[in-house]
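These features come from Swiss-Prot:
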TOPO_DOM  1-27  topological domain 'Extracellular'
CARBOHYD  Asn7  N-linked glycosylation site
CARBOHYD  Asn11  N-linked glycosylation site
TRANSMEM  28-53  transmembrane segment
TOPO_DOM  54-73  topological domain 'Cytoplasmic'
TRANSMEM  74-91  transmembrane segment
TOPO_DOM  92-101  topological domain 'Extracellular'
TRANSMEM  102-123  transmembrane segment
TOPO_DOM  124-145  topological domain 'Cytoplasmic'
TRANSMEM  146-164  transmembrane segment
TOPO_DOM  165-189  topological domain 'Extracellular'
TRANSMEM  190-212  transmembrane segment
TOPO_DOM  213-238  topological domain 'Cytoplasmic'
TRANSMEM  239-262  transmembrane segment
TOPO_DOM  263-282  topological domain 'Extracellular'
TRANSMEM  283-307  transmembrane segment
TOPO_DOM  308-368  topological domain 'Cytoplasmic'
Amino acid sequence: METTSANFTQNDSNVCTNLYNHRGWAQYFLPAMYSLICIVGLLGNVLALHVIWPNLKKINSTTLYSANLVVSDILFSLALPLRVVYYARGFDWPMGEGLCKAVALLFYINMYAGVNFMTCLSVDRFIAVVLPLRFSRFRKVQKVRYICGVVWVVVLMQTLPLLSMPMTNIEQSGHITCMEYPNFEKIDNLPVMLIGAVVLGFGIPVITILVCYTALCLKLRHLAKSNKLTEKSGRSSKAIGVICTVILVFVVCYSPYHVDLLQYMIKKLRYDPDCSELHKFQISLHITVCFMNLNSCLDPFIYFFACKGYKKKVLKLLKKQVSMSFSSVVRTSPEGSSKDVFGNDKIQMNSRSFQKERSSVLLNSLEQ
């Protein structure tokens, strides 16, 4: 039986009364973490957008996917202050059902958009380096715009149904919880739905990303072995290092939450977990969701170290700010022509061997 009061839903559950007994440490740890994620994520992604925006006319596939990822991260960061207030109040939401649904919508949009656009980026890099001729048409800007549009439509189809679900619940303690797992427990076939969401929203994308980047690493290792100049320059090693960093960030941020969710849903299909197990799951969810949200503030750092053009433009911007502060002129060398904001170095054809030219082209494609 359910009763409603002041736009909030109250479940008639007197079974579990200890689900938020960890609020003592959570109301300090979670606000601190989310405040850090909000500040770093917002500043980093706004800076990334500031670098990308003036160069939209020179945009290419990599930049376009990255721009969509940046927009998603910014929208998510703007909603985090409300979550900080919620956690600081000890899991108590004072802002109504409507705002709770809006914050939940932005949270899940960011999660699915982040996974999908990271997958698109991995496939884009795979095509650029491993299959540059056969599938190059899928890297044309016009087609990539359509792909981005389809991704957003799919993400909205995945998340908009949340607006029809109750997001808040009045606990026996009087606290009003928002976007907590127990608030969804009365949804029919919830374990099956969430297992399907984990497989489609995380399992398939992570396999795609691992396959694409593994193929990239193998290709780069082959290029380094067949071209001593490339191996000596260290460019292939740097590229492989960047790829490993991207994979590590993705796996560390997204895997704990989805693995945690998957194991508990499988457990629910077998039997009904008791209050102790549900409480442990609640604690693990709060921690793993926090890790997953770290991804939004780590993306700008990946752009900085992975993309030469982005790094150069950020450093130039910082030098400009320093020069203005100290009323001094810092002269920098003019930038060469660039295909896009992430700096696709112009390849100069010369009389060197074909293998060296091919290695340079593929490595430059990876650094876009």
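Cβ from N, Cα, C; glycine included.
Within its own chain, the transmembrane segment (28-53) is flanked in space by residues 59, 63, 66-67, 70-71, 73-74, 76-78, 80-81, 83-84, 87-88, 286, 290, 293-294, 296-297, 299-301, 303, 310, 313-314, 317, 341, which lie at least six positions past its ends and keep a Cβ under 8 Å from the stretch.
Within the same chain, residues 115, 118, 194-195, 198, 201-203, 206, 209-210, 213, 216-217, 220-221, 281, 284-285, 287-289, 291-295, 298, 302, 305-306, 363, 366-367 sit at least 6 positions outside the transmembrane segment (239-262) and bring their C-beta atoms closer than 8 Å to a C-beta of that stretch. Note on the topological domain 'Extracellular' (263-282): mean pLDDT across this stretch is 92. Here the topological domain 'Cytoplasmic' (54-73) is broken down by DSSP into helix, strand and coil counts: 18 helix, 0 strand, 2 coil. Highest Cβ contact count with the transmembrane segment (74-91) among the listed stretches 102-123, 146-164, 190-212, 283-307 falls to 102-123 (criterion: pairs under 8 Å). For the transmembrane segment (190-212), the residues of the chain that approach it from at least six positions outside its boundaries are 111-112, 115-116, 118-119, 122-123, 125-126, 158, 184, 247, 250-251, 254-255, 258, 261-262, 265-266, 268-269, judged by C-beta separation under 8 angstroms. Proximity of distant same-chain residues to the topological domain 'Extracellular' (263-282), defined by a Cβ-Cβ separation under 8 Å and at least 6 residues beyond the stretch ends, is recorded for 15-22, 180-182, 190-192, 194-195, 198.
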